[in-house]
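A short worksheet on the structure shown next.
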Amino acid sequence: MANKRIDEPTGTETVGHEWDGIEELDTPMPRWWLWTLYATIVWGVIYVILYPAWPLINKATEGVLGWSSRGELAEEMSVVDQARTTVREELARIPIERLPENSELFGQAVAGGRSAFQVHCSQCHGSGAAGSQTLGYPNLNDDDWLWGGDLKAIEYTLVNGIRAPGVNDTRMSVMPPFEGAFDADQLTAVTNHVLSLSGKAPSTASGAQLYQDNCSVCHGPAGEGNRELGAPRLNDAIWLYGSSPEQLRAQILNPKMGRMPHWSGRLDPVTIKMLSAYVWSLGGGEEFVEVAEDPAVEVDEEP
Amino acid sequence: MKNRDPSRASSAPPRREGAERDWSVVVEDGRAKTNEPVSSAVANPEATTLRHEPHEPPRQHLPTKLFEKRTKVHNKRIDGRFRRFKWFVMFVTLAIYYATPWIRWDRGPYAPDQAVLVDLANRRFYMFGIEIWPHEFYYVAGLLIMAALGLFLVTSAVGRAWCGYACPQTVWTDLFQHVDRFVDGDRNARMRLDAAPLGPKKFAKRTFKYTIYLVISFWTGGAWIMYFADAPTLVRDFWAGEAAPAAYITVVILTLTTFTLGGFMREQVCIYMCPWPRIQTAMMDEKSLLVTYKDWRGEPRGSVKKAQKNPGKFGDCIDCLQCVAVCPTGIDIREGPQVGCITCALCIDACDKVMADIGRPRGLIDYATLEDCEKEANGEPTRSPWKAIFRPRTIAYFLIWGSIGLAMLFALGVRSHVGLSVSPDRNPPYILMSDGSVRNSYTLKLRNMESRPREMEIAVEGLPGALMWTDTIGRDDAAGTQIKTVPADQVLSVRAYVIAPEGTSTQEFNFRVTSRDEQQESATTETRFDTPGGER
Ligand code: SF4
Ligand code: SF4
């Protein structure tokens, strides 16, 4: 600032800076500029009075309008909730197996189910519903279903859970432990036979015999499984607890059996419906077929 | 100019002191060309009503003020060739602005009939036969680049001529100044009225004037929103109170800004708010045409009388201040080129008229390049102004400008009206099915850019044995291709499942979409098929 001087031709004082020999004249700003500044200051004061502004130790000043982003969110949410009620009412009315016929409603159910899934189911089944083989949570995207993959079966599983304690109608199946029942050779033979059902190992006559005697009651003579009992299919490519001989052996001797909580009473029926629709929509959903008495009819082999 | 504070004067020094000895010769020359005696009979009556400052005001070193009150500009009516050109540009630009939304363009039953429409809700931009989608925003970017280059081109050729003629701020300021003249009268009447106390007459005039301002402003804001919706419908909805809140808010804001900027801020926008004058100085050179006061010819100034008494002593400028009186930004061009000058050339018209009246050649103020100014001052021949317009620099700008335009036109001509984007599911990347086959799922976006529904065939290419199905059919109907109908002007989102037999390895493959009509337009997008064991 020390270098202030008067610019000769214009008679104006310079501001005192110099850049490469170029100096700036100290030309006054227009007055409205000043007024604009004052206006912004006034606006700032008004804003501080009306809205939350000054941060204090625990919270900010509240402002006389009482506005808060939380309050705004709650308001918006209630609007959204209101908009949802019609859909929810419709969903409550429609029987779940008829849901796919109403594609718009179905789409809304899937969307609602997707977010409910992230909240309630992704902890075990993963956010992409791919489950976990190491932990034994089934993949819900594939076409292998322990208890049936149509909308009704899925809903039933959701409502009652699997091996859920204290639920009368829960899905319940028990694989007995064969610890001590087989000697080492027998164990290898039966393991190999199970693997052979899906073409993963050569079978032996003794293995086949052991399988027929001990396993086929539930898992079926050809390893086709039994959904009535929740007995897994053994002749496909999907293994809940792994398909290596060691994993199989462990499962025969001391079987792991997963548990799924029941959601009745914890989630409302409409949310459960939406969750069922979402799970069904993941790509492995089966068409619902009115099953006659005969439990042997394979639901997924309908044309 | 009364009340001219020296501290506000332009930074350009009057180039008199240092150059006096050279230019006196030129001044003599200039005189020699005009042999007619200076006639006092043609002294402009307006001129006498202007208060003159002494020719060389004593420079006082006043303490610099921090802020300065605006000196209102009362610019005088003028007629002349540049004024007429300005009228013409004003008419054309305003006509384009107000009329464009009302031009109809039949696009068939599925698309709007407005020739120029920015459809924000559906994210489409229609411009006559061209329809721009959001993913084609580069066309807009290209237009912006062309606009910038166009400004460079104009600036390098004729300085701030964009500012002087076509800039919206100029056009609307001009319009409002005509309103001023229409209601309050010309410069002197306006100055008197401003100085007069507020009586009923002044009040009535002011009310009338501001009403006209408001009507123009409202029209300006009103025309703007027409670009964003079907104009006739919008007008009806607007008055029925059924238009979107954004429409009303926009109209109010634009009305207020037009009212303030056009009615009151005027030259303040050009001088203080607009960044362009700061940038343009970098784009002009000594070959750019600028409005220039030829001081070697005009100085020293003196009234017609003085010049008659002392023949040979004075230059051509009779200090009548007409050039200042007509200037819309209120500057004195005789102080040299300055940032406030918008190159509108009204001062040229004014001075030419004065020169004609006193019988001297026109062009004391004129469009001239710095180079020519020097030549002329040294008595050398000057070149035609066209040389300033057609020179390598402007031609280079023009070529770049034109090639961008051509490239965009070409791209528009060959672009496909179907589009496909594919996003593979990543969570999980693949699903092992019970029969050992592997399934991947994808979200496909089929784009139909024509204003009619089109059937499109989606095919999986380059994945042996693969079948696909979509979310609307079951796996039982899986096939190599699927057909979907994409609604007019829309993007259809399709969830597709692709299943490949056991043993397929992780690999790249293509989705191809082909329109099932005469055009057979197609688009292909490569994506990836993941399998167990495939490295990720
Ligand atoms: S330049 Fe022309 S218009 Fe301006 S004061 Fe001189 S004579 Fe008058
Ligand atoms: S000095 Fe002349 S060209 Fe520049 S703005 Fe004023 S009237 Fe227009």
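Note that Cβ sites are derived from N, Cα and C of the backbone, with glycine treated the same way.
Caution: TrEMBL annotation is automatic and unverified by curators.
For reference, TrEMBL has these:
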type     : residues  : note
COMPBIAS : B:14-34   : compositional bias 'Basic and acidic residues'
COMPBIAS : B:49-59   : compositional bias 'Basic and acidic residues'
COMPBIAS : B:527-536 : compositional bias 'Basic and acidic residues'
DOMAIN   : B:305-336 : domain '4Fe-4S ferredoxin-type'
REGION   : B:1-61    : region 'Disordered'
REGION   : B:514-536 : region 'Disordered'
TRANSMEM : B:85-103  : transmembrane segment
TRANSMEM : B:137-158 : transmembrane segment
TRANSMEM : B:210-227 : transmembrane segment
TRANSMEM : B:247-265 : transmembrane segment
TRANSMEM : B:395-414 : transmembrane segment
Under 8 Å Cβ-Cβ from the transmembrane segment (B:210-227), and at least six residues away from its ends along the same chain, one finds 97-98, 100-102, 116-118, 172, 175-176, 179, 182-183, 234-235, 238, 243, 247, 250-256, 258-259, 262-263
Mean per-residue pLDDT in the domain '4Fe-4S ferredoxin-type' (B:305-336) works out to 87
I need to check the long-range neighbours of the transmembrane segment (B:247-265): which residues 6 or more away from its ends have a CB within less than 8 Å of a CB in the stretch?
169, 172-173, 175-176, 210, 213-214, 216-218, 220-222, 224-225, 228-229, 234, 237-238, 273
Tell me the residue counts in helix, strand and coil for the region 'Disordered' (B:514-536), as DSSP assigns them.
0 helix, 10 strand, 13 coil
Residues of the domain '4Fe-4S ferredoxin-type' (B:305-336) by DSSP state, where helix covers H, G and I:
13 helix, 0 strand, 19 coil
